[in-house]
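Trainee: Straight from TrEMBL, here's the annotation block:
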BINDING   98, 100, 105, 146  Mn(2+) binding site
DISULFID  30-39  disulfide bond
DOMAIN    50-200  domain 'Cupin type-1'
SIGNAL    1-20  signal peptide
């Protein structure tokens with residue numbers, strides 16, 4: 001299993017409830033209908049449509065990143081502009097640098113310790129890093145590159161929420177070195193001040 005599984009799972013879960021880009025609601029709710037496109041009839045909606053059980057169970061961390069994600073698949077979240085997920089990290093587990101083009105993210109540590117940081121845009125590229133412990137909360141502004149890594153000796157559990165049902169996820173390295181068709185390697189070598197052989201090695205890795 002390669003590290004691409006983590007980002008594929010993350011992308012799938014972030015898109016699970018997505019129908020469009022977070023329009024303002026025109027009704028009380030629009031619960032997704034699993035049997036047909038569109039919303040359930042209000043008279044068929046029950047409390048279970050706004051409920052999810054299982055966030056106490058860990059996600060799969062058997063990948064090179066030693067981290068995993070489980071999204072709360074709640075039909076009633078459709079149209080509410082929210083996505084909720086559990087992140088699990090083994091000791092030294094990481095989520096590589098990435099950004100969400102359509103959402104801010106709020107992280108709450110439930111167990112363990114994690115370093116999180118985001119970097120501002122050009123020209124400053126200022127980093128805002130912070131080590132979080134149990135009970136700590138951190139906000140990542142919309143569209144800024146950020147990373148997470150476990151820094152404790154025990155497993156870390158984090159609750160992640162983004163203010164979009166289709167936040168999107170772009171891995172910083174994968175978007176450049178994993179592009180299909182491949183970006184010109186001479187260009188990438190010049191842009192990132194690397195030798196061409198290193199670029200070609202990076203491009204040969206499974207990014208997506």
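Keep in mind that glycine also has a Cβ here, set from the backbone N, Cα and C atoms.
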Trainee: Residues other than 98, 100, 105, 146 within 8 Å, Cβ to Cβ centroid, of the Mn(2+) site?
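Mentor: In sequence order, the nearby non-listed residues are 99, 103, 118, 140, 144, 145, 162, 167, 169.
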Trainee: Tell me the Cα distance separating residue 30 (disulfide bond) from residue 146 (Mn(2+) binding site), rounded to the nearest angstrom.
Mentor: 32
Trainee: Just to verify a number: CA distance, residue 100 (Mn(2+) binding site) to residue 30 (disulfide bond), in angstrom, no decimals.
Mentor: 24
Trainee: To the nearest Å, how far is the Cα of residue 30 (disulfide bond) from the Cα of residue 105 (Mn(2+) binding site)?
Mentor: 23
Trainee: Give me the CA-CA distance between residue 98 (Mn(2+) binding site) and residue 39 (disulfide bond), in Å, as a whole number.
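Mentor: Roughly 32 Å, rounded to the nearest whole number.
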Trainee: Round to the nearest Å and give the CA-to-CA distance linking residue 105 (Mn(2+) binding site) with residue 39 (disulfide bond).
Mentor: 27
